[in-house]
Structures are given as C-alpha cells and as structure tokens.
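Peer 1: From TrEMBL, for reference:
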- 126-150: transmembrane segment (TRANSMEM)
- 214-236: transmembrane segment (TRANSMEM)
- 256-277: transmembrane segment (TRANSMEM)
- 284-301: transmembrane segment (TRANSMEM)
- 313-337: transmembrane segment (TRANSMEM)
- 386-408: transmembrane segment (TRANSMEM)
- 428-447: transmembrane segment (TRANSMEM)
- 499-520: transmembrane segment (TRANSMEM)
- 532-553: transmembrane segment (TRANSMEM)
- 573-598: transmembrane segment (TRANSMEM)
- 658-722: domain 'CBS' (DOMAIN)
- 755-813: domain 'CBS' (DOMAIN)
- 815-866: region 'Disordered' (REGION)
- 847-856: compositional bias 'Acidic residues' (COMPBIAS)
C-alpha cells in the first residue's frame, strides 16, 4: 500500500537535484545572453514516436546492435505515416540503420527468385551512384548559371552592352575591334549609364550620374532579393551551412531543402551578389547542392524512406557544392568530411568524390568565366618561397586568427541583438539600410566597387609585363625589351602607394560591413568576404616585404637568397596566404582549407606556407574561443547539435542531468500487464511525452522496455477496428504471457510486438562524459537512467544541450573531482536516527513530506550542485 502511494505521489530524490529547476516546454534557456530555443517536440519530449511499426531494434549497454522484425499481429497492412518524422524532430540513427539492414536482407533473399527481382536488386545497388550523379550534374549546371548571371547583373550597375544586352562588360569588349590593350575595358559597344542618360562620358556630371545609378541598382537588387525570400522561401536566407550541419547530424527541418527553397535561393543569390553587399555565393552554393541532393533522393526508395541514408546523399552533395564554388573537387570532399558531415562512412567518401568530380566537369564544360578554369581567380606563381618568408606568413596567420575571433564575437552579438530587439522584425528595412550604406561607401573606392571575386583575382595576380593595375605601377628600371615571366623586384611607384591607401580603406570597410551583412535575410556566404579581407591584408604585407627586400637587400635575412635584380618576393602569394588565414580564423577549417586554396592556385609548392598560416590562425582563434562561426550560429539559433569536436571535461553524472528533477511531476510509466486501454489513452491525452518506459509493476518498478506514443496510438486504433472484443476496459499486456483473467473480463490487448525490449540504459552513476560520447557516436535521442534495474528517469538530447550550456556559464571545467564517485542518494539513516524507507534498494521520500536536511547532506548538495 505504501509503495502504491509512493508511485502515485512521486518521489523526493534528495541527491538528484538539478542545476536549475525544470523549465516548461515553452521556456527558453538563456546562456551567456544567447537564447537557446529548444521549442521542438522531440527535444522537450522523449521521442517523436514515428518509428516504423514492425521494426524492433535491440541494443545492449555493451554497444552491440541486433535487428529483428516483429509484425503486429493485429495489423494486416502498413499504416500510412509510420516510420516518418515530424518537423523539428531528430531522427533515430539506430532505428534507421536497422531498417536499412532489414531492407537489404529482404532484397538479397528475393533476388534469386526471378529476373525482375534481380533487376530490382541491381537498381537498388546502383541507386546511390545514380543519385550522386544527378546531384553533381544539377549542382554544376546551377553553379554555372549563377556565375554567369551574377557577373552580368554586377556589370549592369555600371552600364550596358548595346550590341548584345546579355553580354557583361568583358564579353562586350571582347567582340569589339576598336579595343586597345591599354584601355581594354573601354569600347564603343559598352555604354555607362551617364553616357546613356546625360550623354557625358567624363566629368563631374557623369560621375554623379553613375554614382546614383549604382546606388539605384544596388538597392533594387537587394530589395528584390529580400522580398522574394520573405514571401516565397524564408529558409533561403543566410549561408545555409549551419543548418546543413544540423540536418546532417539528424535534425529534421521540413522545407529547408525543398524545391521552393532551391528555386528562390538560386534567384536571390544572383541578386544578392549583384547588389554589391559584402557577401559571397560559395557558402550558399553548398545549400543549393544539398537541395538538389534532397530532391533527387526522393526518386529512389532506398533514400526517400530512410533519413539516415538520405544524409549520406547530402554529405556527397555538400562536397559537390564546394567543388563548384571553388573549383576544388578534392577540397570539397575534405570539406564535407571535416566541416559538415556527422556520419561519413567509407562509401560516402567515394560517392562524395564522384559527385564532386561530376559537378566540376559540368562547370568546366559551361566555362562561365571564359578562362577555361573552374574559378575566376585562378593564378600561377613562378617564384619559389624562401624560409625567411615563414615569419610574415605566420604574422598573417595571427592576423587571421584575431580577425576570426573578432568577427565571431561581433557578428554573434549583432545577430543576438537583432533577435532580441524590434529591429529584427523588419528584415526588409535592414537589408535596404545595409545595401544603401554599402553602395554609398563602396563606389568612390575602386577596390570596394569591384565585385569581391574580381577583387580577390586582382590581389592574387602577380605583376607581369601585361598587367595594367595600379598595384603593378612600379618604376621600371629594366633595360631589357623582351617580355619575361619573372620580373625583378622594383621600387614602388606612385600608383602602388595610392593603391595601398585605398586597400587600407577597403580593409576597414570590408571588416565592418561583413560583420553587419552576414546573417541578414538574403543568401549570404562568408567564404569570399573573409578571403577578400585576408587577401587585402596579405597584399599590403607582401608589398611591404618586397620593398624591404629591394631597399635592404644587403641585410643578412636577404643577402643569402635575394640578389639585386632578382625576383624574390611575390606579393600575390602573400595575398593568397592571408586569404587562407582569415578564412581559417573564421571557420576553423584546416586540412580542407589548405587543399581548397592550393587547388585554386594550381601548385603544390606553397602548401607549407598555407599550412603554417592556417594552423597559426586556428591556434590564435582557439585562444579566444573554440567555436567557429557556423557552430556559433548553431548555438545562437538553438539547434539540437552535439558537436563532436567539443570535449566534455566536467565530472557530473547521469543522475545530475536526468529528468524528472526535484519538484517535477513523476515519470510517466506504463506497467506490463496492469493497465487498461482507457488508462493508456488517458495517459496519452494528459501528457505530451512521445514515449513511455514500461515497468513490471508499481511494486517492482523494474524496467521491461520502452513504448512509443505513436505506436501505442496506432495499435489501439487498429485493434478496435480489426479485433472484436477490444473495449476501454480491456487489459493491455506487454508481457510474453497473458496473465490469467476472470472469465467475464473483456479480451486483452497484446502489445508486446511494439515494445522496444532493450532500450539503451545507463546507471545513475554513469559519468556524463560517457553519456555525451554515447549520444554523439550512436546518434541517440534518449536513454533511460536506472539503478539496480529500477527506472529513475530519462536523459534526452535537450537535457544534454541544456546541461552543456549551463556548465559553460556556471562551472569551471577544472572543478576538483573529489565527488566524482560519491554516492548520490541519501544516507541510510535520517536526521532522527531512524532508517529511511527503502523501496527495492533505492531510498525514497514522498515529495510532499517536509523534512530537515542534515548539515552533511546540505554540504554534499552544495558541493555537487553545478
């Protein structure tokens, strides 16, 4: 009787008090000023309940996984919707892998029955290669279309080609026979807006008119882009990489990779780039490629019905996106492996490589830049680097790390302010303001007026005899008249010094505007702006080192390898190293970034400078915070993402994190043979949990299994329709054998087939370090906490994320581990000297019973509360 009363009244577990009191489902976790919004059904509840009827997986704490299939004896045909997930839910990786193994066994068992079954087996085996081929083809074609359209619309801000309206400035002058080498950007066919409107090509009036038209087109493009995003596809904004990382970790965001998002992102990406905002198209191209992969996966049942298999396609698609963004197929594969993928088996590596290859081949066939290259800023250097140059390369790495740390903190602070103020309610106005400020400041400076990719190309380019840029305005002391590739170092001319001042202003402008631009409601990538900032800084440093070597070639650091009249320093190489350092400081990428950049340059000789700069930038950035920009935005948006790179260094136990907590309602459980259909339906209606532990009895409390809310609902509804005698008072039996019932009792309902007999469990003394590792590596959504086989509570992914966030804000990671193995339940005797009530070896107190805590207990609680 006492046990039954305790069961209904709940327990007071003195030692299992949480970090903070439990929050409601609608409550937000506010950590470090960052609003962590976990308003998702899966995270707040136990499971989403969408497991496939008939599929039953078992797992032991040892980690072995066994798959077996049990069909409901009361269901004759599959129920529509079973096996799918609701929006903003996390998939069950273990269940999905079991489903795939069962499908594979079924196909193998039937393939020898007939030629048709053999054909279906071959189709299933090749479907993975077919879907990545289609994804690569579509990604390459869309990337070529975006590149061509963005170049044309960017030049539209300055003028138009009268002979062929679809030509950009460069293509228009290619066809002209009146173009000279010195003024190859000027031709009669290309007309500026001042020439068309007021008929003046030079003078103050022409400058003002071109200025006005530049601002007009920039605002028009930006307004059209944000309007299309707001009306048709809100998910098309941003770079998409934080969301792609979250989706690949198992989270469901319906519509984020849909056809409307793909169409609107493709269109608005062109508009956003053409508007002149400080953003790039490389990050959003990963989103575009993943949309293609998601859409094509629905053509193949192997991927359309299995969320885990679909994520293998998305990993390959992200590799194809980087491949067409940078013309770096190998770098794309490494980017997918290092940066975005959560589950990356070996066959996914092969298919990612193939998808990147196909995408790069298609883009090369389209040749959007007219230079037979995959990227606009492909360069080749002819001068080797020297050991002394590692010092300025490392300095560029330090600059990249500092820039990355500053940008992450400043951008996250601005985005947090946008979310928490009224300013965030007017995304169109914000985009218009940012576009207007950008256009007004950018036009007077020729380096900020340029398209960012064009700017990077000019900064990367080495000065040769055919270059007419002001960056190459050196005083020519050569007496030789022939054209050679290696031009010796020369003193800088007036144009170089003027360009340096303009680049310094451009650097400040890019740093400020990129902070405010990344995160606005238009497609906005971060790769190109970060590379532009690093390229500007690198070019300035390169020119400084070049002039130092020219004027002081007798110094000991130059004497051995830099002779008079030799080409010693390549400023373009410094720009390339600076670009890699700044991008690495923001994203914290290492291996994939080095490979991407050296694929851009086409040479292996500069891997060591790139590696030195990228590692330095990562070390400096990690000194201020280990999160990259994408992880910071994931945390800002409250996505349920467990970062595998983050180490758990605390000494808490599973009992510190599990729910229910003190003052929480008791854990909702089912008994294996003592509840009726009405009892279960009332529990389902009165609670919002999506799963229920099943115990032996109210007296025993020992775990039997785990039942999903959706399975219970489907089974009961189907039984009432298809089985006679099932009424509200029918006994529900989860046990293997039906207990004996009185003769007049209604027919019992057997639901053992929908019961997960081996849910993943941990004990209350399991260190959270192990629990977090289990969640990361197995993709768990929840695990039960037991003590001597008795269910104490449950840990969900949300609980872990809340715990990690609270530990970051309130606990020193170096907390002394004196209480690490301390027992976390009350001592055997109470303050009155009498034994505490025992219940199956777990000491419990009624939650309503007030008592005084001993000094020892208070000290223990205060010491272990984190």
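In case you wondered, yes, glycine gets a Cβ from its N, Cα and C as well.
Can you walk me through where each of these features ends up in the structure?
Peer 2: If you look at the transmembrane segment (126-150), the same-chain residues 6 or more away from its ends with a CB under 8 A from one of its CBs are 266, 269-270, 273-274, 281, 285, 288-289, 292-293, 296-297, 299-300, 302-303, 312-313, 316-317, 320-321, 323-325, 347, 351-352, 354-363, 365-366, 368-369, 376, 451.
Long-range contacts of the transmembrane segment (214-236) within its own chain (CB-CB distance under 8 A, at least 6 residues past either end) are made by residues 153, 156-158, 243, 253, 255-256, 258, 260-261, 263-265, 267-268, 271-272, 274-277, 427-428, 431-432, 434-436, 438-440, 443, 449, 520-523.
Counting residues 6+ beyond its ends, the transmembrane segment (256-277) has Cβ neighbours under 8 Å at 142, 145-146, 149-150, 153-154, 156-157, 214, 217-219, 221-222, 224-226, 228-229, 232-233, 235-236, 240, 243, 247, 284-285, 287-288, 290-295, 314, 434-435, 438-439, 442, 449, 451, 513, 517, 520, 522-524 in the same chain.
Residues 128, 131-132, 135-136, 139-140, 143-144, 244, 247-248, 257, 281-283, 285-290, 292-294, 296-297, 303, 343-344, 348-349, 351-360, 362-363, 373-375, 378, 527, 589, 591-593, 595-597, 599-600 of the same chain, all 6+ positions outside the transmembrane segment (313-337), place their C-beta atoms under 8 angstroms from a C-beta of that stretch.
Listed by sequence, the residues of this chain that lie at least six past the ends of the transmembrane segment (499-520) yet keep a Cβ under 8 A from its Cβ atoms are 226, 237-239, 277-279, 403, 407, 410-411, 414-415, 418, 427, 430-431, 434, 437-438, 441-442, 445-448, 455, 469-471, 473, 526, 529-530, 532-533, 536-537, 539-540, 543, 629, 633.
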Peer 1: Quick test of the contact rule: Cβ under 8 Å, at least six residues beyond the ends. What residues does that give for the transmembrane segment (428-447)?
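Peer 2: Distal contacts: 211, 214-215, 218-219, 221-223, 225-227, 230, 275-278, 418, 455, 458, 499, 502-503, 505-506, 509, 513, 516-517, 520-522, 536.
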Peer 1: Ranking 284-301, 532-553, 573-598 by the number of C-beta pairs under 8 Å to the transmembrane segment (386-408), which range is first?
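Peer 2: Answer is 573-598, with the largest number of Cβ pairs below 8 Å.
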Peer 1: Helix, strand, coil: count each for the residues of the domain 'CBS' (755-813), based on DSSP.
Peer 2: 25 helix, 18 strand, 16 coil
Peer 1: Do any residues of this chain, six or more beyond the ends of the transmembrane segment (573-598), have a C-beta under 8 angstroms from a C-beta of it, and if so which?
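Peer 2: Non-local partners: 322, 326, 328, 330-332, 334-335, 337-339, 379, 381, 383, 385, 392-393, 396-397, 399-405, 407-408, 456, 459-460, 462, 526-527, 530-539, 541-542, 545, 604, 606-607, 609-611, 613-618, 620-622, 626-630.
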